[in-house]
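What TrEMBL records for this protein:
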type	residues	note
TRANSMEM	95-117	transmembrane segment
DOMAIN	115-157	domain 'PDZ'
TRANSMEM	281-303	transmembrane segment
TRANSMEM	328-350	transmembrane segment
């Protein structure tokens, strides 16, 4: 049953770190904070410092921040001066506070990836050729199974992913490969050919290929602090792009809607990852953190992205938006969000009892 604790720790920790972003930036900008809570529900412990109530609440699932002047009714914000009220701040201040939550989720993912790389190294498939496509460019150029690709056009190749990316970006231009065969380096020139392949989402795409397949062997490379930070940033960006592409493909109906999951699927995934080990659980936590950041950036009223949209329009129009219009948009956003949550939970239940 330790996975239940892992579920609460992962999901609660991610939500809390998200709210921490709002809190930190609000304080840096001098915006008043009424409440900063670890957990939801009734207050069970805490202390007051200045005008802020730092509290521990009953339900250990995330947390929340209550800003002075966040609501248009400011009767309960008497302990703060007008400059400390959120709605009295210029739109760009409010946008920074709102954007800080998702940004902190991306930062947390980067920190987790960085920590994994520093303690365990960076793991990936070796650039060793396992097999070759009959009559493919690589076979015709003299590449053999077992060859290790050291560089392409002077670019050092560390992992198979480096090799694949370089070939796909070549646009069928000739490639100067340096390979290692039985301890001897050889120079080989290969010209990729465009072929139709299936991508991750099952779509047919045309990409340059040389006709080689990875051996499947893996290796781990130790990196220092700076190199590890760069590698973690690349990994964070790669996952972010993948999730964004998945969302677009879902809208395009390339990815089926029944793949959307909710809290039950997340709980099941956390259980699986925690059973595999701490490393796998941390990697999944980083993945969910990026998901949470992107979800909150969707331009849906009640989400951070919706607030950013409102404040952005206020900046462009140079006047506050109509309050009735905002309230109506917020109600629509709530309905949309609850509908999406209900649909996700429905999918979870179908998968669970199928």
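Keep in mind that glycine also has a Cβ here, set from the backbone N, Cα and C atoms.
Shown for the domain 'PDZ' (115-157): DSSP residue counts in helix, strand and coil, namely 11 helix, 16 strand, 16 coil. Mean pLDDT of the predicted structure over the domain 'PDZ' (115-157): 92.
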